[in-house]
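What follows is a set of notes on a single structure, which appears directly below.
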Amino acid sequence: MKFPGSVLVSLVLFLAETAAALCLSGAYRAAGDRMWQWLTLLFALLPCALVQLSLVFIHRDVSRDRPLVLLLHLLQLGPLVRCVEVFYIYFRAGRVEEPYVSITKKRQMPKDGYSEEIEKEVGQAEGKLCTHRSAFSRASVIQAFLGSAPQLTLQLYICVLQQEITAARSIFMVLSLLSIVYGALRCNILAIKIKYDDYDVSVKPAAYLCIFMWRSFEIATRVTVLVLFSSVLQIWTLPVVLVNFFGFFFYPWILFWQSKSPFPENIEKALSRVGTTIVLCLLTFLYAGINMFCWSAVQVKLNDPDLINKSQNWYRLTVYYMLRFIENAFLLLMWYIYKTDVYLYVCAPLLVLQLLISYCMAILFMLVFYQFCHPCKKLFSSSITEGLLSCFKFLCFVCKPSTSTMLTDKAEVKCPENTDDVRSSSKTVDSLKGISHQSVSSNA
C-alpha cells in the first residue's frame, strides 16, 4: 500500500500558510494597516471555508451520521481530522482481515504496440485511502488558486508600495508560491489520471521535476507581471482581471449552450437542480481562477458525464500560451512606459527581459514534459511537436493572403509594363517610317 505522502504535504502547506496569514494580519493590525489586515484575512479564510466544503462534499458527510466531523469542519479543522483518519487507516491496514475486496481492471502502457489488462484486488482500506488522496488533491487545487495566488499577489504588491520586504512577509510569500506550484502539480496529475482512467499510470520523478519547474517559472512570472502593472496603472487593473476571469468563467458555459446538450443530472443524486447548478458554477469559478495564473491542465466540459474534456487539444494549448505571452509583454510595456519613481533604482529593460525569458523557460519545460516525460505519451495520437507544427501551419495559412488575390496583384503589376512595351514598340516603328521616308525623298 502506497504511503499517503501527498496528504501530509497538503496538510503541512495548508496549516503553515494559514498560520503565517494570521500572524501577518496581526502585524498589519499592530502597524495600523487595517485594509491590508482584512484583505490578508479574506484571502486566508475564504479558501479555507471552500476546502472544508469540498472535503465534506467528496466524503458525503452530510448524508451520513457524523455530527462530530461536521462540527470540526465548521471549526476549520477538517483537513487535520482527515489526515489523522488517513494515517489511522494506513497503519491499521493488514492487521485485520477485510471481509471483501473489489477487483479493478487496469491496462498497462502499450509495449511494442500491445497493451495487457491486469486485474488487481483493492481492499476497503486501500479504497478509502484513494478517496482521501483524491479529496486532498482537489482541496490543494482550491487552496492554491483561490487563496494562495491572490495572497501572493497582494503581499508582493504591498512590498512594492512600501519598498520593503520584511522577514514575515517573505516567508509567507515563499509558502504561498510553494502552495500554488504544488496545487498546479496536483492539477496536472489529476488531469492525467482522469483522462487515462483505464490505464495503470505511474508518474516518474523526472515528470514531477519538469512540472515543478514549468509551473514555478510560469506562476512567478505571471504574478510579477500583474503586480508591476497594477502598481503604476491601478485604474486599469480591475478591467484586466475581470476580462480574464469572466472570459474563462463563461467559456465552458458557452460551449455547453452551443452543444445543446441536456442539463447534467448525474453529479450527485442527493443534489437538486439548484444544487447542481451551484456545484457547476463553483467548478467553473475554480477553472477561471486557475487559468488566471497558469494553464489549466484540466479542461472543463459540462456536457460530459465526468465534466472533463479527455481529448488532447494542442491547438487550445498553443493559442493559450501565445495570447498569454502577448498579454504579459503588453502589460510589461505599459509598466515600462508609465513607471513611477518607485522603480528609480531598477533597471527596467533588464527586468522586462528577465520576465519574458522566465516565461519562455516555463514553455520550454512544458514542451520537455509533454515530449519526453509524460507518463502516457505512448497514447498520444500525435506528439506535441507535431501538434505545434500543425497549429503554426494553420495560423500561417489563416494569415497568408489567398492565391487569387496574389495572382490579381501580379497581373496588375505586369499590365503597365506591357503597355509601356507596346508604346515603345510603336514609337520605334514610327521612327523607322520617318527615316525611310527621309531616305526616299533624298534619293528623289
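Just so it is clear, glycine is given a Cβ too, placed from its N, Cα and C backbone atoms.
Bear in mind that TrEMBL entries carry predicted annotations, made automatically and left uncurated.
A quick note: this is a predicted structure, and the numbers were derived from the prediction, not measured.
Summarising the annotation, TrEMBL assigns signal peptide to 1-20.
Marked as transmembrane segment by TrEMBL: 35-58 (among others).
Listed as Cβ neighbours of the transmembrane segment (167-185) (distance under 8 Å, sequence separation of 6 or more from its ends, same chain) are residues 9-10, 13-14, 16-17, 20-21, 23-24, 27, 140-145, 147-149, 151-152, 155-156, 158-159, 208, 211-212, 215-216, 219-220, 290, 293-294, 297. Annotated transmembrane segment per TrEMBL: 167-185 (among others), in sequence order.
According to TrEMBL, the transmembrane segment annotation covers 235-256 (among others). Below 8 angstroms of C-beta separation, residues 226, 229, 284-285, 287-289, 291-292, 300-303, 331, 334 of the same chain, each at least six residues beyond the ends of the transmembrane segment (235-256), sit close to that stretch.
Within the chain carrying the transmembrane segment (277-298), a Cβ under 8 angstroms from the stretch's Cβ atoms is held by residues 50, 57, 141-142, 145-146, 149, 180, 184, 187-188, 190-192, 194, 215, 218-219, 222-223, 241, 244-250, 252-253, 264, 267-268, 271, 307-308, 317, 320-321, 324, 366, all 6 or more beyond its ends. For 277-298 (among others), the entry in TrEMBL reads transmembrane segment.
Under the heading transmembrane segment, TrEMBL lists 318-338 (among others).
As annotated by TrEMBL, transmembrane segment applies to 350-372 (among others).
Per TrEMBL, the feature region 'Disordered' maps to 417-444.
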